[in-house]
Amino acid sequence: MASRPGFLTDWPWTPLGSFKYLLLAPLVFDSIYSYATIRDHEKLLIVAVTVWRIVHSQIWISLSRYQTAKGTKRILNKSIEFDQVDRERTWDDQIIFNTLIVYLTKVYVSGTSTIPFWRTDGVILVALLHAGPVEFIYYWFHRALHHHFLYSRYHSHHHSSIVTEPITSVVHPFAEHIGYTLILGLPLITTFMCGTVSVVSIALYLTYIDFMNNMGHCNFELIPKFLFSLLPPLKFLCYTPSFHSLHHTQFRTNYSLFMPMYDYIYGTTDECSDSLYETSLEKEEEKPDAIHLTHLTSLDSIYHLRLGFASLSSHPLSSRCYLFLMKPFALILSFILRSFSFQTFVVERNRFRDLTLHSHLLPKFSSHYMSHQQKECINKMIEAAILEADKKGVKVMSLGLLNQGEELNGYGEMYVRRHPKLKIRIVDGGSLAAEVVLHSIPVGTKEVLFRGQITKVARAIVFSLCQNAIKVMVLRKEEHSMLAEFLDDKCKENLIWLVGDGLSTKEQKMAKDGTLFLPFSQFPPKTLRKDCFYHTTPAMIIPHSAQNIDSCENWLGRRVMSAWRVGGIVHALEGWKEHECGLDDNSIINPPRVWEAALRNGFQPLLLPSLET
C-alpha cells in the first residue's frame with residue numbers, strides 16, 4: 001500500500017479475493033458457446049492468451065526464485081519477507097483487467113469481428129510505435145510518478161519492494177494501471193484504427209511486455225556480455241535486470257520502460273549501471289553452510305513449493321478446492337520432475353547470523369518412499385547430494401521428512417558407514433525433536449498414552465518419560481488382543497496422547513473430550529475431533545534475526561521450522577563435530593544440550609493449542 005493511498009488505489013474486485021476469477025467465467029462460457037455455434041475462434045484466443053500470460057509469468061516466478069536461491073548472477077543479496085509476498089499476491093489483477101478490456105472491445109466495438117491472423121505491416125508498426133511514442137511517454141509519466149504528490153499516493157506501493165521478483169513489475173495501484181494501459185495500448189489502438197491490427201500482433205505485443213517486465217525485475221542477470229559487444233546499439237534499446245534494479249535501490253535514476261536510450265538522452269542513467277551489470281554476471285553459485293534436504297509430500301505440494309505459487313507457499317500446506325481442478329497439471333508436473341530430475345536442487349535460501357542456509361528438494365513424493373522399487377533410487381540421490389555438499393565444503397546436512405527413514409537408510413547412518421571420511425556432518429534432528437515433544441507435555445502430567453510407529457524419536461521420548469517417573473501406556477496392534485479391555489477403559493481417561501504414524505480414526509474416537517494429541521512424527525495426524533486439542537509436529541519458532549523467510553515449511557505456520565531442520569541449524573551454529581544419525585547410543589546428542597543450544601540461539605517453542613469457544 002502507498003504511504004498515503006490516493007483515489008482508485010484498490011482494484012474494483014479487491015473484495016472478491018480469490019473469487020475474482022469468476023469475473024472471467026462469462027467470457028469463458030461465451031467464447032465456448034460462440035465457437036460451438038458460429039465458429040468464432042477469436043474469443044477462444046482471448047482465453048488462450050490469458051492462460052498463456054499467467055503461465056508465462058509463473059515460469060518467470062519459478063525461474064527467478066530458483067536462480068536467486070542458487071546465487072548465480074544474483075543482483076541484490078537482500079531478503080524478501082512475507083509482507084512483500086502478501087503485497088504482491090495481486091500480480092494477476094492486471095491480466096484480468098487487460099482480458100476484460102480486450103473482450104469488451106471485441107464484443108462492443110465494430111470492426112473487431114474480422115481481425116486477420118497475421119499482417120506484417122501491423123507487426124512492424126507496433127514495434128515502431130512502441131520504440132517511439134510509448135517509450136517516450138512512459139519515461140515522462142514515470143518521472144511524474146516520482147514527484148512527491150503522486151509517489152506518496154500511488155507509486156510508493158511499487159517501490160515498497162527493494163528486492164524485486166518478476167511479479168513486482170505489475171504490482172501497482174489500480175489508477176496507475178489505467179495510465180499504463182492507455183500508454184501501452186497506443187500501438188494496438190493505432191493499428192486497429194489503421195486497419196493493420198492482427199491476432200499475432202496483439203499476442204506478441206502482450207507477450208513482449210510481460211517478458212520484458214518479468215526479466216527486468218527477476219533479480220538475476222541473464223543477458224550475456226557478448227550481445228552488447230556484437231551489437232553496441234543494443235545497450236540503448238534493451239535494458240538489463242541490473243539496470244532496472246538500480247531504479248529500485250536509487251529511486252531517481254533509470255526511469256526508462258524497456259529502452260534505456262531516454263535515460264541517456266535526459267541524463268538520468270545511474271553511473272553504476274555498467275559496473276553492477278558486470279559484477280552481477282561474475283557472481284558464482286553460493287556455498288551454503290548448512291543444507292536441509294526435504295521432499296514433496298502430496299501431489300498438491302508441488303504448488304506449495306517456494307518455486308511454485310508464491311501465494312500458496314507463503315501459507316501452511318492445506319487442501320484447497322480449486323487445486324482439485326488443477327490435478328491434471330499437477331500430474332504433468334510430477335511426471336516432468338520424475339523424468340528429468342535425477343538429483344536434488346535448491347528451493348530456498350535463508351540467512352541467520354553468519355550462516356547461509358539452503359533447503360534442497362529431492363523430487364520424490366511421500367508415496368515413493370513406501371515403494372521398495374524406489375528406495376535404491378532415493379538412497380542414491382541422497383548419497384549423491386551428501387557427497388556433492390561435502391565436496392563444496394558444506395558443514396551440515398539435515399535430513400528432513402522421510403529422507404531419514406529407518407528402513408531407508410537407518411536415519412542416515414548408512415551414508416556415514418559408506419563414507420567414513422566425510423567432513424560434512426549428517427544430522428537427523430531426532431534429539432531436538434524429542435525435546436520439543438517433551439517440553440510440550442503440560443507440567444504435572446502423570447501418565448501419557450503412546451500410539452504410533454516406534455521411531456528413534458519415540459524411543460528417546462519414552463526413555464526420558466520413564467526416567468522422570470511418568471507412566472507411559474502403550475497401545476499397539478500386536479498388543480491389542482491381550483490388552484484390549486484394559487486399554488480401552490484406560491484410554492478414555494488419558495488426556496495426553498503421544499501419537500505418530502499409524503494412528504487410526506477408530507483410535508482417535510477412543511480419546512476423551514479435551515484430549516491433547518502431541519505428534520512425535522514427521523507428519524501430523526488427521527484432525528478429526530473438534531473437541532480435542534491437536535498440537536503441530538515437533539517445530540520451533542525461528543528468531544527475528546533469520547532473514548529471507550518468505551515461505552512456509554509444509555503444514556507449519558509462518559516463521560516456524562520443523563525440529564529436524566532446526567536441529568541441523570543449531571548443529572552448524574554450535575560447530576559440533578559429531579554426526580547425529582543412526583540408532584546406537586552415540587547417534588543421539590545429549591537432548592537437553594541441544595534444547596538449551598536452540599533456546600540460546602533464539603529459537604522458541606510453540607504454544608500449546610486451545611479449543612475454540
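Each position is counted from 1, following the chain as shown.
Glycine too: its Cβ is placed from the backbone N, Cα and C atoms.
Lifted from Swiss-Prot, the feature list:
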- 13-33: transmembrane segment (TRANSMEM)
- 44-64: transmembrane segment (TRANSMEM)
- 95-115: transmembrane segment (TRANSMEM)
- 122-142: transmembrane segment (TRANSMEM)
- 134-268: domain 'Fatty acid hydroxylase' (DOMAIN)
- 182-202: transmembrane segment (TRANSMEM)
- 322-342: transmembrane segment (TRANSMEM)
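DSSP assignment over the domain 'Fatty acid hydroxylase' (134-268) gives 93 helix, 1 strand, 41 coil.
For the transmembrane segment (322-342), the list of distant contacts is 18, 296, 299-300, 302-303, 363-365, 381: same-chain residues at least six beyond its ends, Cβ to Cβ under 8 Å.
Beyond the ends of the transmembrane segment (44-64), by six or more residues, the same chain brings 24, 27-28, 31-32, 34-35, 91-92, 95, 99, 102-103, 106, 165-167, 199, 202-203, 206-207, 210-211, 214-215, 218-220, 307-310 to within a C-beta distance below 8 angstroms of the stretch.
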